[in-house]
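Novice: I have a structure here, written as structure tokens, and I will follow up with some questions on it.
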Amino acid sequence: MTERDFDTPVETPTVQPAPAQGAKPAQTVPVVAVVLAAGFGTRFDPDNPKQLVSVGGKPIVCWSIDAFEHCDRVSDIVVVVNPKVRGEVETLVGEMGYTKVRVIIDGGDERVDSTATALDMLATAGIPDDAKILIHDAVRPFVEQSAIDGSIDALDQFTAATVAYASTDTVLLTEDLGDLKVVKSVPDRPNTFRAQTPQSFRFATIRHAYDLAAADPDFHPTDDTRVVVDYLPDEPVAIVSGAETNLKITTLEDIPTAERIAEEILGRDPKEEARARMHALLAQAAGQMHR
């Protein structure tokens with residue numbers, strides 16, 4: 001797939017009509033969704049890449065791309081893939097006619113490597129420092145539009161934000177004592193959240209954090225928020241309300257839960273059900289290519 005130009009702000013007249021009541025303000029900078037689909041899932045079925053597994057008649061990666069494609073405020077999408085499934089993902093993207101997917105690129109060995117690769121590509125493409133970058137795990141297929149909108153809005157006040165879901169369980173922080181783990185502290189439950197995605201940043205902020213991290217030989221974070229928290233500790237990271245349904249599909253045991261969520265979504269939206277049937281046909285063809 002050839003790379004297409006990223007959207008840039010269009011000069012607007014000095015006088016503009018007031019937005020309709022309840023309407024979101026017009027974007028003045030690019031809003032770029034980076035969909036990370038490069039993991040191969042060692043805890044999943046090694047012979048069946050989970051990005052291409054069909055849930056509710058639609059490949060997991062397509063659920064995630066759809067969420068950003070259908071958000072009017074997102075201007076561009078970058079998909080980061082494992083080279084082994086690049087052809088299949090390109091086929092799905094091409095057949096579905098996604099208009100916002102600008103480029104599909106190969107990711108790295110680890111999640112942070114894939115993010116770093118995407119940031120390098122965006123810098124080369126000339127993305128402005130104040131662009132809003134939403135980084136999302138492709139294997140969280142049921143992200144809600146409210147979480148995407150909330151992430152975009154949060155970046156008007158902060159330079160970093162993450163979708164998170166309030167923990168309903170007490171969380172224990174532990175330390176090693178001999179061969180066992182023991183409780184070190186118990187944080188107050190109202191202050192504990194389960195990190196989800198998208199994790200969102202102004203481009204200059206996340207780029208600077210990754211530049212600092214790259215110089216650290218002990219750099220081993222598991223997500224992008226951790227990079228900002230560790231390397232730019234003076235930058236507050238806003239919490240955007242997530243949902244229990246925004247689950248990460250990690251093992252085969254997660255599929256039945258995902259199917260139930262998909263069934264509920266499809267039951268609410270007949271148009272989504274029609275799209276899912278089309279996706280199912282394309283996923284079947286892509287699966288045959290993978291074999």
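Every residue gets a Cβ built from N, Cα and C, even glycine.
Taken from Swiss-Prot, the feature region 'Disordered' applies to 1-23. Under the heading site 'Transition state stabilizer', Swiss-Prot lists R43, K50. What Swiss-Prot lists as site 'Positions MEP for the nucleophilic attack' is R189, K248, and the listing cites sequence analysis.
In the displayed structure, how are the listed features positioned relative to their neighbours?
Specialist: Within the same chain, residues at least 6 positions away in sequence whose Cβ sits under 8 Å from that of R189 (site 'Positions MEP for the nucleophilic attack') are S167, D169, T170, V171. The secondary structure of R189 (site 'Positions MEP for the nucleophilic attack'), as reduced to three states from DSSP, is helical.
Take the CB of K248 (site 'Positions MEP for the nucleophilic attack') and look out to 10 A: across all protein chains shown you find 15 other CB atoms.
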Novice: Give the number of CB atoms, excluding that of K50 (site 'Transition state stabilizer') itself, located within 10 Å of its CB.
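Specialist: Its Cβ shell of radius 10 Å holds 24 other Cβ atoms.
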Novice: How many Å separate the Cα atoms of K50 (site 'Transition state stabilizer') and K248 (site 'Positions MEP for the nucleophilic attack')?
Specialist: 11
